[in-house]
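> Annotation source Swiss-Prot lists NAD(+) binding site at 11, 12, 13, 14, 15, 16, 17, 107, 114, 131, 132, 133. As annotated by Swiss-Prot, substrate binding site applies to 94, 100, 133, 164. As annotated by Swiss-Prot, active site, proton acceptor applies to 189.
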């Protein structure tokens, strides 16, 4: 049996956490031969800690063979001690009458503290996925608050947008989703992100040629993917938790175990590729192998695409400037 991998999850008793933990403990994220120790962080209030205790009791009651241990805490330094993987799910949700900039500042406090705790106690090669919104900028804040860790350790979740775009293309084509490759989602995890199927194929055939409908792309496909989260809240009365948890598992699984040459979308620190400001955490096409990701480089960007990429980059730069005074 392999040595256990330590996985931290913040916001562990929340909706996404609840949809995530049992799948991690069953081996869906890191492999069916990989034991895990779950290190679970929740808020220090009595209600959150009681809920966390209940979730841990349920995890015990599943008797997962791969669950080698659990820690439940309200202290980030305890939760992040010696971890290999961190899923930063917990974030301050937007309340009634709350401006986006207020939300940014509230979350900046959380992710500054968590970045500092990771810097202090996590393994030096820890893989960090930020799920809590605004995910790209929260990941940027955590990265900047952990100066002793490699910036490439920090990623934001664009995989939910990627998966949503895949399913919309499959519906349009009337083909199985599993045959679609080389889809890209550029930018911020927000309604400005740009799902781009110019390079995508379905069973090896060009999707752009098959659809050949720029009107559908601009007026249906892009807005449907961008507003899908809001549509789910409207339909369900709650935000998308199970699909977000599923995307987090996909993201980490591919990062750790490899994407087998397939393109996936990850929010990663820009190296200046595609004209994206260096350091901004931006959705790019990547391939993953041996625990490392590599950007897919030198894709042609047409005028239509450039307009969308510029818009989502402008939003990210505005978010970055809104929190830069907190990061020294």
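Glycine is treated like the rest: Cβ placed from N, Cα and C.
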> Distance check, please: Cα of residue 133 (substrate binding site) against Cα of residue 189 (active site, proton acceptor), rounded to an integer number of angstrom.
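Rounded to the nearest whole number, the Cα-Cα distance is 8 Å.
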> Across all protein chains in the structure, which of the binding-site residues 15, 114, 133 has the highest Cβ count within 10 Å?
114
> Given the recorded positions 94, 100, 164, 189, state which is nearest to residue 15 (NAD(+) binding site) when distance is taken between Cα atoms.
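Of the recorded positions 94, 100, 164, 189, 94 has its Cα closest to that of residue 15 (NAD(+) binding site).
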> By a 10 A CB contact count over all chains shown, which of the recorded positions listed here is most packed: 94, 164, 189?
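Answer by Cβ density within 10 Å: 189.
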> When the Cα of residue 100 (substrate binding site) is compared with the Cα of each of the recorded positions 11, 114, 189, which one is closest?
189
> List the residues of the same chain that sit at least 6 positions away from residue 17 (NAD(+) binding site) in sequence and have their Cβ under 8 Å from its Cβ, in sequence order, or write 'none'.
9, 11, 40, 55, 89, 90, 245
> Same chain only, sequence gap of 6 or more: which residues have a CB within under 8 Å of the CB of residue 132 (NAD(+) binding site)?
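Long-range Cβ contacts: 10, 11, 88, 89, 90, 91, 107, 110, 111, 138.
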> Calculate the distance in Å between the alpha carbons (Cα) of the residue listed as 'active site, proton acceptor' and residue 94 (substrate binding site), and round it to a whole number.
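So the Cα of residue 94 (substrate binding site) lies 15 Å away from that of the residue listed as 'active site, proton acceptor'.
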> For residue 94 (substrate binding site) and residue 114 (NAD(+) binding site), what Cα-Cα distance in Å is obtained after rounding to a whole number?
19
> Let me make sure I understand the structure: which of the binding-site residues listed (13, 100) has the fewest other Cβ atoms within 10 A of its Cβ?
100
> Just counting, how many other CB atoms are there within 10 A of the CB of residue 11 (NAD(+) binding site)?
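For residue 11 (NAD(+) binding site), the count of other Cβ atoms within 10 Å is 24.
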